[in-house]
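Trainee: Sequence annotations record features per position, and here Swiss-Prot assigns ATP binding site to Gly133, Ser134, Ser135, Gly136, Lys137, Thr138, Thr139 based on sequence analysis.
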Amino acid sequence: MRILNYTIINLVISKSLLLNMNGIKKGIIHIIGIGGIGMSAIAEILHNSNYKVQGSDAQSNNNVDRLQKLGIEIYIGHNANNIKQAQVVVYSSAIKSDNVELVAARNNNKTILHRSGILAEIMKDKYVIAVSGSSGKTTTTAMIASIFDHSNTDATVIVGGILNSYQNNSKLGKSDILLIEADESDETMLKIPANIAVITSINNDHIDHYGTFDNIKNAFSQFINSADFAILPDSVGINDSESVSIKFGFEGVYPFVIQSPFVVPVHDIGIKKKKSASCSIKASNVKANNIRQHNNSIEFDVLIDGCSIDRSHWIPASCTETTAVLPLSSTQITSLRSRIIKNVVLSNAIGMHKVSNALAAISVAIKLGINDVDIKKGLLEFKGVARRFSLVADIKDVKLIEDYAHHPSEIQATLTAARSITKGKIIGIIEPFRFARIRNFFDEFIRIFMMFDYVILVPVHPPEDKPILGCRIDDIQEALISNGFNNVKIMNDALLISNFISDSTNSGDIVLFIGAGINVARLARETVVFMSGVEI
């Protein structure tokens, strides 16, 4: 279902609150790797929609525990017998082709769906808002969800992180709106039928999957062009080989554009003009200005440039320098009102990159017609996302913070955010994620690690990842020392880490536990226990 004129006042409420996946046989749906952050969200949505769900995972974790409490049967360990009763078997790109359950499913002619396939089924007859990007997509999706929750927009939400407001990574809503974080690592975002496509940022991560940086940019371009409407950073530069991440200006103005992909954009963002278009219309800008970082929140003003548009003649009427393009009926005249939303407070946020995330969320809200009061309330009540610059503990005025960053640009953004709230030392407890990523960005990692005051390296995640010559943590340590950075150690013991922190920190210092793996998260909590005697 493609809805072009879609605002809050004309939301179509589903006659049935349950998902209706006619393409999938009724029966047991078995999810391989059900404890993963994305797969667990799918499992819960299906379960809450009265589908019979079971699954398996190599080991138990918090997601597995949560799903088991809901009554979902989960096998620990993979075994061909696990899928005997299943009609449908779901897997993700993380599951190898020789997985015993996947092999058994093929041999027994089970219906097999990739994660993107089951998502496509879930999204049938939904108005889909898909948030993708190299970084920032989880936080942006969570901010949109918070605005929805405070504007009576009862959307279904599927996100790749634990939202603190839900203590969960999914929610089954009653409206036809579905908000989803769209994974770019395996091109899942290209299989999602998005009505609104949101890009948060683009960098050269996942080069092993895509082959070249141009392929990454082309994939995001396809993502935009497949949607009815696109929201993306002003300087995302899909066709720019030099820099494609969000660029923050020097004057404190952070633009985000709202752009309908059937026109040529004002900025070179790789959106091709569709055949139905007969002229170029510039995009609307949504900007943040007068930005103030507080202790655990950011306050700013939102500037919205708009114009009136007569789609019957494809000629902008009384447009400002940057103009809005909304998907309307062929004869309708509308306007995106130029205005300022003063004193927006984004709670539980530190760092200018969070402002960009908020602007993307605000842009979605504007597109859907959510009023300014509800937008402000949703961001004020934003509770954050687990492991996204999350405070683990504050011990003797030394803050222990964990963050999911694992790409060099993400680690640098996390470090910059920490520098913005302290003049003290910053210690990085860093768990590199995958040897291939270390190989691809070795020099960048070295450059950024040298920006810390101290670095403690922990073993590469995941532990089963095949080592690459020259990319071990010993090699990282050696490279740092050879470049004159001697404040680096290798540790994998919370007691040793806690002793080091106690001996090396003073009031006002910050310790960052950085990485996407479970080991660094475990170390963060165990370190707190050793330092404070309090379990968390």
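Keep in mind that glycine also has a Cβ here, set from the backbone N, Cα and C atoms.
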Trainee: In sequence order, which same-chain residues at least six apart have a C-beta under 8 angstroms from Thr139 (ATP binding site)?
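Mentor: Set apart from Thr139 (ATP binding site) by at least 6 residues yet with Cβ under 8 Å, we have Gly161, Lys354, Asn357, Gly384, Val385, Arg388.
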Trainee: Using DSSP with the three-state reduction, classify Ser134 (ATP binding site) as helix, strand or coil.
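Mentor: Reduced to three states, the DSSP call for Ser134 (ATP binding site) is coil.
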Trainee: For the binding-site residues listed here (Ser134, Thr138), which one has the lowest count of neighbouring CB atoms within 10 Å of its own CB?
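Mentor: Among the binding-site residues Ser134, Thr138, the lowest count of other Cβ atoms within 10 Å belongs to Ser134.
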Trainee: For the recorded ATP site, whose residues are Gly133, Ser134, Ser135, Gly136, Lys137, Thr138, Thr139, find every other residue on that chain with a C-beta no more than 8 angstroms from the centre of their C-beta atoms, and list them by sequence position.
Mentor: Val131, Thr140, Thr200, Ser201, Asn357
Trainee: Among all protein chains shown, how many Cβ atoms are found within 10 Å of the Cβ of Ser135 (ATP binding site), not counting that one?
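Mentor: The answer is 24 other Cβ atoms.
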Trainee: Enter the number of other CB atoms within 10 angstroms of the CB of Gly136 (ATP binding site).
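Mentor: A count of 25.
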Trainee: Other than its own, how many Cβ atoms are within 10 Å of the Cβ belonging to Lys137 (ATP binding site)?
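Mentor: Within a 10 Å radius of the Cβ of Lys137 (ATP binding site) lie 27 other Cβ atoms.
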